[in-house]
Amino acid sequence: MKLKLYNVRGEEAVLAKKWADDNGIEISLTESPLTPETVKEAEGFDGIANAQIGPLDDAIYPLLKEMGIKQIAQHSASVDMYNLDLATENDIIITNVPSYSPESIAEFTVTIVLNLIRHVELIRENVKKQNFTWGLPIRGRVLGDMTVAIIGTGRIGLATAKIFKGFGCKVVGYDIYQSDAAKAVLDYKESVEEAIKDADLVSLHMPPTAENTHLFNSDLFKSFKKGAILMNMARGAVIETQDLLDALDAGLLSGAGIDTYEFEGPYIPKNFEGQEITDSLFKALINHPKVIYTPHAAYYTDEAVKNLVEGALNATVEIIKTGTTTTRVN
């Protein structure tokens, strides 16, 4: 059995090679993305694993079919970068890694919240200037006194809710699919609007859909409790970014922790040090004084990276051997 891996970073290569040695499977790695040009490198291979970031070119699906390759294993939970209908038309199974480390994202969410409510960024800036004074700009809030709204109560949302509950927060939530596990931790509300209206902190953990694209916009921000904090560790497209910046400037929101940006594809995960960022909206977001922006790094732990690599490769092997897998999404 031979597998081709695309978009492989150095640290992932080490893990993939160990997995291959442990399982007696031949693999070929490339840092290059999967494109109509590079897909030709998969000729003669049995399966593909890929860490796709932006939309996959539609021309790739029929090319894979011609090669006899029947799947693409994505190294993430989200698969919005794939045309699932076109994949199905070409007998290509797309798989994901649905649960690689919910705790990694949950812990990161709470880390950023604590930084925001205790003004850690400002304190560090002051200290570098040898300003050691106390005053209102750095006076913080107690997390346990806050009401938290979790929007999206799947694995990650639930893990996040549990941590906030452990701090003593009142936790409410909304999801179109309510779970018994979440009901033990939070109080479900019947709508997003009802969940957010009294929340000091709103934390987003839902998958991207056509229905929730730009759901968090100027109209919804007006329904927030004045001075609330917004956290987005989900997908960038659920927020209308300019409306978020306007809400921060107007004082409707007091802060935001943003790990994903709708148009991050050209920038993440790349080093742009010393280069010009031409996306003016992205520049405004990352430089806003009330925003802590992180480059889609909430998931990024040893455990998560290992689980993503191995999860994608295991799914590839399972499809080759059996024709299907439990992690298929089409």
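Cβ atoms are placed via backbone N, Cα and C, with glycine included.
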Given Swiss-Prot lists R155, I156, M206, P207, N212, M233, A234, R235, D259 for NAD(+), the same-site residue among D175, D187, D246, D279: D175
Nearest-integer angstrom distance between the alpha carbons (Cα) of P207 (NAD(+) binding site) and E264 (active site): 17
Integer Å distance between the CA atoms belonging to E264 (active site) and D175 (NAD(+) binding site): 26
